[in-house]
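Heads up, the thing below is written out as structure tokens.
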Amino acid sequence: MKILIVEDDIKTGEYLSKGLTEAGFVVDHADNGLTGYHLAMTAEYDLVILDIMLPDVNGWDIIRMLRSAGKGMPVLLLTALGTIEHRVKGLELGADDYLVKPFAFAELLARVRTLLRRGNTMITESQLKVADLSVDLVSRKVSRAGNRIVLTSKEFSLLEFFIRHQGEVLPRSLIAFFMVWVHEFLTADTNAIDVAVKRLRAKIDNDYGTKLNQTVRGVGYMLEIPDA
């Protein structure tokens, strides 16, 4: 597995490179945004670890350009920017995970391995798929097991958010912030979140044996393929 690290702090970059190499990965390190973007566009990587506050091209712009170019490799944002606004922005731009500095290497390694083994979710420029649930981002058509599912615009956005973060526990507060940011139709009221998820679940899960949308009691929700 080949990983690209885009990190301008030399000590942090060397620390990450050494640790990931010892864990068995092939690692490239770019110490500026332009070089990192060029490498990500021209070479094949299984994962990109990307800082946001880079001296030339920032991480926000890099991930935006990568996704616009159809690059679908997992991206883990590693940054000192830790507010919920920053987290939501990163995830919405196309990041697959977000880790705030300072961090424990053991946690970063666990997140890296999780991202690399997500073989059940396929993400291309226009299609999202989990198990037998398919979402076409261009036509905005949703189907499960070949059956068409009609969603409202808000339900579609919520489903896309869940699929892009398949296997992650999403707190109600994060879902609320995301939906307000996109549609301005929810408050932080957890009941509103529960209602929105219940309506989505009724359409994508109720008529099927395998339930993809799971409740994590006391925390929030998660979209995943249950173990057989």
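Numbering starts at 1 and runs along the chain as it is shown here.
Note that Cβ sites are derived from N, Cα and C of the backbone, with glycine treated the same way.
Pulled from Swiss-Prot, these are the features on record:
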type	residues	note
DOMAIN	2-116	domain 'Response regulatory'
MOD_RES	Asp51	4-aspartylphosphate
DNA_BIND	125-225	DNA-binding region
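Annotation for Asp51 (4-aspartylphosphate): same-chain Cβ neighbours under 8 Å, separated by at least 6 residues, are Val6, Glu7, Asp8, Asp9, Gly59, Leu77, Leu78, Thr79. DSSP places the residues of the DNA-binding region (125-225) in helix, strand and coil in these numbers: 39 helix, 25 strand, 37 coil.
Residues in the domain 'Response regulatory' (2-116) partition by DSSP class (helix H, G, I; strand E, B; coil) as 55 helix, 23 strand, 37 coil.
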